[in-house]
Amino acid sequence: MLKGQKLCTPEHKGDPAAHGGAPSMSHNDTRSFFNFSQLALSSGNLKPPQVLKHSKITYFEVEILDVQSKKQICIVDKVPPSSTLLDVKHKFHKACPQWYPSRVGLQLERNGPYLKDSISIQSLAVSSIITLYFTDLGQQVGWTTFFLTEYTGPLLIYLFFYIRLSTIYDHVETKKNFRHPVVHLACFCHCLHYIRHLLETLFVHKFSGGHTPLKNMIKGCVFYWGFTSWIAYYINHPRYTPPSFGYRQVSFAALAFLMCEAGNHFINVALAHQNHSGIKSCIPSPTYNPFTWLFFLVSCPNYTYEVGSWISFTVMTQTLPVGVFAFLMVIQMSLWAQKKHRLYLKRFYPEVRRKAAMIPIIF
């Protein structure tokens with residue numbers, strides 16, 4: 001009998017009517033399992049994919065090598081993709097305090113150009129490790145300091161010669177000789193030129209925090225200060241002779257000088273206003289001011305006016321040192337203008353193709 005009961009039990013396992021209390025328990029279990037399944041399906045994954053996505057952040061590792069020896073200087077690790085090269089330079093400065101960011105030059109290749117501070121690290125990455133070559137650019141100075149130093153020297157040096165110090169000129173000759181009015185006018189024009197440069201450096205031009213090697217400032221100061229000493233010595237000398245055509249020549253040249261100075265100022269203001277507005281996708285264009293209409297003919301009218309000022313000053317004073325300085329300025333300004341003109345041709349060919357670089361009509 002026991003065997004028969006045991007054999008019959010499996011046959012009624014799946015039948016709810018076989019046991020008296022079994023139907024209610026099986027029904028509750030089924031309903032609980034069904035509710036749990038519905039809850040699991042409606043709630044989705046127990047671990048959302050967003051958590052896994054945000055927990056995985058990619059960092060770059062920047063290896064910095066010496067450009068000459070190719071030896072590793074340091075490794076800047078955990079660099080986020082949103083970082084710029086300037087951020088890497090700051091971290092490099094923390095590792096190597098002797099090289100501050102403005103002194104560091106970084107290249108992708110040993111003979112390649114220096115990378116800009118604003119470039120994104122992600123744009124340089126081919127893999128998680130980025131190799132850059134380091135060059136010590138030497139001691140650096142800011143552009144504001146550069147121009148203030150370069151322009152303050154000529155202003156003060158000329159005034160030292162203008163007051164005719166006894167250590168420079170013979171005291172007896174200084175008292176005997178009468179100063180021609182052009183000497184006073186030349187001092188006014190020369191000071192006006194450099195005072196304008198200084199004020200524009202402080203209030204018009206906006207520099208983006210860039211730097212230049214100290215040796216460049218020294219070379220600029222030697223050039224401007226040296227020529228100013230030579231020019232001022234001749235014009236303020238007791239034996240200085242006035243221009244050949246007298247007051248007519250002086251008046252015409254002085255008027256041309258003042259017009260060029262005004263034109264140069266208004267061009268610089270127009271260029272600064274365009275840079276402040278943030279619109280860099282268009283070529284500099286003239287405004288309602290007539291002095292800016294030179295934009296119709298040349299790409300760099302500020303250089304045109306600068307050269308015009310020194311040519312006018314040469315005619316007004318009729319001295320060899322000023323003529324030599326004006327000639328060198330024409331060469332230097334022409335090189336700068338041609339470089340900028342080629343840049344404009346690449347970006348704005350249709351608008352620039354009929355313009356000259358600096359001198360109108362000469363293409």
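Cβ from N, Cα, C; glycine included.
In TrEMBL, the transmembrane segment annotation falls on 141-161 of the listed ranges 141-161, 183-203. If you look at the transmembrane segment (216-235), the same-chain residues 6 or more away from its ends with a CB under 8 A from one of its CBs are 141, 145-146, 149-151, 153-154, 157-158, 160-162, 168, 183, 186-187, 190, 317, 319-322, 324-325. With a cut-off of 8 Å between Cβ atoms, the residues of this chain six or more beyond the transmembrane segment (288-305) that come close are 260-264, 266-268, 270-271, 333-334, 336-337, 340-341, 344, 352, 355-361.
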